[in-house]
């Protein structure tokens, strides 16, 4: 996806060829109406690097600590991997653009086109992986609550790994198919329908869990603690809202961008929305940073593993 | 996206004055987008989208808190009688006398701590809370946390639960070997399961 700022490239290209100045002036009036909103490359790379590092930490911690070899943590790892892929994609894309600007890569070569296709499919893989990982985490929690005593038999480690393998195979296949056939209208529609469907399903799972928690709280709450009771149920509502709100706010802008680019590229309103594409991309990378905080770092075991890792590193450095 | 690139490639083939230019203008190759005669603000989709998203998230939050409020806690009198009723039903289910509410609430605390891998963060607070017969989940935050206690403490309290293999991830080796046997024995689980489920759900969401 070469989404370079036209203004930069106009300057770059303007130096090389004069007859096309008319093109510049023709478009300049329209372009200045809704300029591409530029996110500085430093911000891009910082956010992307932070996302990659954080998720890598989560992966390393889960791999190193045997206590964390559980289905629940494997699903969290899957989410971390998909977040990492998203940030990696953005980093590679920026590097790609920089190399193009410096002239090391041509814009129309076959290799670059294939690279671009590969990166697009990596991005779609990341999105689909995120959605399905969130679904798996919600389903895992659902089974933990509603089938508590049989949880160990329902969700064995092997089954969790099989589920993850199926999810990732499906995501990889779909992403390659979508990237290859992206010019067909038919691919965009299922892609954008999948997104709200999954969100709705996850929301239903969590609401059902929430209702059960509420009915349980009703049974054992006592008056002196009624204020506390309200507060803790409020916390449940806040937690759920954060889970789903973060995902929605980070991914929905981009999905809308895809829809608009497909269906109304000529409309000035749509064009103005599409001009904030870089901000949408940065939001996706912010999602990669926030997800470990609301899923992985809530676990004290994982946090203690981090502390051990850093303390050991410090200890080794001292000696 | 490659979608945009392919579209722009097709349209740009007609305008081949300078191939370098047509590539860069890929967003603007869709024909001149005229910004004249706009009835609404040009960023109206952006603003409308974000406002709609914020409204949706806030709406979702209010729906969830409304669900909370409709489950308001009972009065103290009914509360203690409810607890006794619950304890009695618990006794009836397992056919084992429970000495006091304190034991019962302590068992609940033990169960919740040792049986679920979604546990409350402040387990110590829960112990104290249990003494004052508060719900074990009232001061909890939702933290995904392994069980730190083994199911051994539970075995001491409830004979029926000695063989249950509820998620206890600290001692996974020990428990996994008991996996199959546990559930053959566990036929009180129906009632127990619903109680366990309620506690764990409350922990997850708090």
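Residue 1 is the first one shown; counting continues down the chain.
Yeah, the Cβs are placed from backbone N, Cα and C, and that goes for glycine too.
The feature domain 'G-protein coupled receptors family 1 profile' is assigned by TrEMBL to A:54-295.
Feature annotation from TrEMBL assigns transmembrane segment to A:43-63 (among others). For the transmembrane segment (A:43-63), the list of distant contacts is 69, 73-74, 76-77, 80-81, 83-84, 86-88, 90-91, 94, 278, 281-282, 285-286, 288-289, 291-292, 296, 302, 305-306, 309: same-chain residues at least six beyond its ends, Cβ to Cβ under 8 Å.
As annotated by TrEMBL, transmembrane segment applies to A:70-89 (among others). Here the transmembrane segment (A:70-89) has long-range neighbours at 47-49, 51-52, 55-56, 58-59, 62, 119, 122-123, 125-130, 132-134, 136-137, 140-141, 144, 155-157, 159-161, 164, 167-168, 284-285, 287-288, 291-292, 295-296, 299, 302, meaning same-chain residues at least 6 beyond its ends whose C-beta is under 8 angstroms from one of its own.
Residues or ranges marked as transmembrane segment in TrEMBL: A:123-149 (among others).
Residues or ranges marked as transmembrane segment by TrEMBL: A:161-182 (among others).
The transmembrane segment annotation in TrEMBL covers A:188-213 (among others).
According to TrEMBL, the feature transmembrane segment maps to A:234-256 (among others).
Sequence-distant contacts of the transmembrane segment (A:276-297) (same chain, at least 6 residues past either end, Cβ-Cβ under 8 Å): 3, 36-39, 43-44, 47-48, 50-52, 54-55, 57-58, 76, 79-80, 83-84, 86-87, 90, 130, 137, 242-243, 246-247, 249-251, 253-254, 257, 303. Annotation comment: TrEMBL describes A:276-297 (among others) as transmembrane segment.
For the domain 'G-protein coupled receptors family 1 profile' (A:54-295), the model's pLDDT averages out at 83.
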